[in-house]
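These features come from TrEMBL:
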type: ACT_SITE; residues: 308; note: active site
type: ACT_SITE; residues: 366; note: active site
Ligand code: SDX
């Protein structure tokens, strides 16, 4: 728990109340309201959690005003530049970067679980070929709890670690299988001699009939994208995982709930929505029309890939992704990707527009990721699956942190009731109007 050095006072109905104020390592102080209802009979009201910290955490820190993102204290730019994804996964899970021996053991532990129970591949046959791959992922990840009974006991640290290894190791296999199923190609088994990102790319784009040629530029770009998407404080899907975990649900069910929450276009589904939006804009000349629609209060249209609940500056992940974008397109000799040209022009115009400046709307992580995925040949419907693949490391780390928290209790928000006061029952024969 943060240090309790300060107090906050407020007066309600002539009575003065005092509440402890907690300070973290960085970021805003927090008024501890956990005793508020008991002491004052009052709830707080904050439906979008705009001003509410749901937990303490030592994993990730975002400075929204400065556009800074730290994983266990390391800047995202330094990690994206110098690490590979499993190194960052180790950092998020255990709190420090691994040394050479620790890294080798961790890679071995993950590789040991990269195969999926052979019977689970039958699940995919039950889906339509055109099922959205996120629908498949919610189903198959949840079903892991029907197969891996020796890693369901959340009170056993060894079983928690085994479940974590299985989730991190199997997500690429399951994600690639969802894609292969959609195009009617055979599943490829993982290859433990390949790195995590390379293994994933091969399972996605390789064929059993020929050797898959690993492209180091694409592997580096995929690895970097996975690192950038790995964790992000208490976003909607991570909060969903924590809430599910607080009830004692098994780890596979918790991660499946995170995948479901990530699917929304306001959250992880935005990368798919960005490409769909760029395709709808279609032409540089139509950009002002869409910028105006985004500003029109009577139009529900929003500029996908722009804005963020926390970042009121450039999303540092977008900065790194913008660079990767150019690297991947030049490696693939994609000279003029019309969608990238559109994206760059849209970004240029939006960043100069009064409305976007006043509302502090900058490109976020989803603005560029879709363009890279598309250049790699990933279909739009798979973009959020790749986000879920990366974020499953953060979900697992946050779930572990929550379960290990000694004061952890089931999450159960209250509400401000605005329904009918209690009223007498009226039998159906006496109900004159629908409103009764
Ligand atoms: C992710 O939380 C995380 O950390 C998420 C994430 C992660 O790594 O887990 O970073 C991943 O989800 C990134 C965000 C991807 N979503 C999109 O790109 C969808 C488009 N963005 C918006 O829907 C919106 O910006 C949100 C949902 C991301 C944030 O919305 P907030 O914080 O609830 O802000 P808001 O809706 O209250 O907007 C504030 C104002 C509003 O105008 P007013 O009511 O004050 O007049 O800004 C406007 C909004 O209308 N606004 C936009 C806009 N985003 C906000 N206007 C036009 N286009 C936009 N994109």
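A Cβ is built for glycine as well, from the same backbone N, Cα and C atoms used for every other residue.
Any TrEMBL annotation is an automated prediction that lacks curation.
Bear in mind that the values here come from a model prediction, so they are computed numbers and not experimental data.
Secondary structure at residue 366 (active site), taken from DSSP and collapsed to helix, strand or coil, is helix.
All chains included, 29 other C-beta atoms sit within 10 angstroms of the C-beta of residue 366 (active site). Taking the C-alpha positions, the distance from residue 366 (active site) to residue 308 (active site) comes to 11 Å. Here the Cβ of residue 308 (active site) has 22 other Cβ atoms within 10 Å, regardless of which shown protein chain they belong to. Mapped onto three states, the DSSP output places residue 308 (active site) in coil.
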